[in-house]
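As structure tokens, the structure follows; a few thoughts come after it.
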């Protein structure tokens with residue numbers, strides 16, 4: 001689900017935290033990708049001309065495999081090395097959010113069924129997309145495909161976003177990539193959004209600097225996590241009626257959720273704290289997530305198993321042999337070259353002197369000269 005209103009809040013208070021660029025600008029980078037999130041995107045966006053998901057002759061959905069295969073190749077062609085991180089078991093606190101998602105899908109199914117032969121094609125597609133979920137089988141299919149492609153995968157013990165952030169903090173990759181803004185709660189040096197979007201959508205990649213975001217918001221990591229819980233996260237409900245502006249104001253004024261709760265319970269406001277609100281437990285999940293240590297993880301990109309890809313994707317899933325072979329050759333070529341060094345890793349950026357700086361230096365020099373003459 002992410003954190004409601006966080007993106008807008010950071011843009012308002014920390015505009016310097018954002019960079020926008022194209023895929024090619026990530027040349028030479030290693031990136032940890034939230035696999036479940038990108039599979040969900042592919043199931044929604046990779047469609048036939050009639051809006052239906054891609055399927056093979058047996059009626060099996062293949063949108064997720066097509067998306068993973070071609071987008072990964074595009075990254076490798078741009079000298080980017082991706083690693084896909086898969087979710088493990090969800091935290092107990094997330095059970096409520098998962099139940100809500102199930103209820104929303106059931107409601108969408110009822111609304112879709114109610115349309116029957118009525119309504120527009122767009123109406124039917126709208127409800128169909130709300131029904132999308134990534135199944136365990138689709139996760140396993142994606143893992144098998146990535147292994148055949150020679151792309152490393154990591155199975156997180158719990159949340160994939162937390163594991164992506166751990167890999168970035170540990171220096172194994174440059175950034176964590178996910179659409180979920182709550183990834184920032186796990187302190188990745190950089191968060192990439194829209195990385196797995198198709199280039200045809202013409203949506204630039206967003207890079208958010210954690211350090212710059214905290215500087216602009218003027219918060220430490222504990223306060224930032226409390227802000228995200230107050231805005232609304234996957235682990236617990238929030239205080240009804242508190243939006244982004246109010247949430248930010250409350251954290252700045254009181255400093256922590258404990259003090260906000262204390263202030264509310266003294267009757268100083270119209271807000272009501274949810275009964276048995278587990279905000280402290282939610283905070284702990286963000287500050288001390290269950291992850292594999294980056295130092296214990298070895299990431300290796302290997303040469304693709306071309307014949308294995310043909311067997312799995314062509315014979316097993318009904319893809320075009322010519323396209324799979326062509327894609328495999330691009331992958332082979334890209335991975336063989338390795339990640340080339342970036343120019344910014346060899347040079348230190350030096351601030352340029354503008355006209356004013358030169359003028360100031362000249363004035364200072366003249367003043368010093370005059371003093372010496374005296």
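Backbone N, Cα and C atoms are what each Cβ position is placed from, and that goes for glycine too.
The annotation in Swiss-Prot ties 180, 182 to Mg(2+) 2, and of the candidates under consideration, 87, 226, 234, the one tied to the same site is 234.
Among the candidates 34, 218, 296, the residue that Swiss-Prot names alongside 87, 159, 161 for the Mg(2+) 1 site is 34. Cα spacing between residue 234 (DNA binding site) and residue 182 (Mg(2+) 2 binding site): 9 Å, rounded to the nearest whole number.
Counted within 10 Å of its Cβ, the other Cβ atoms near residue 34 (Mg(2+) 1 binding site) come to 28, all protein chains included. In terms of Cα spacing, the binding-site residues 71, 87, 159 all stay beyond 10 Å of residue 180 (Mg(2+) 2 binding site).
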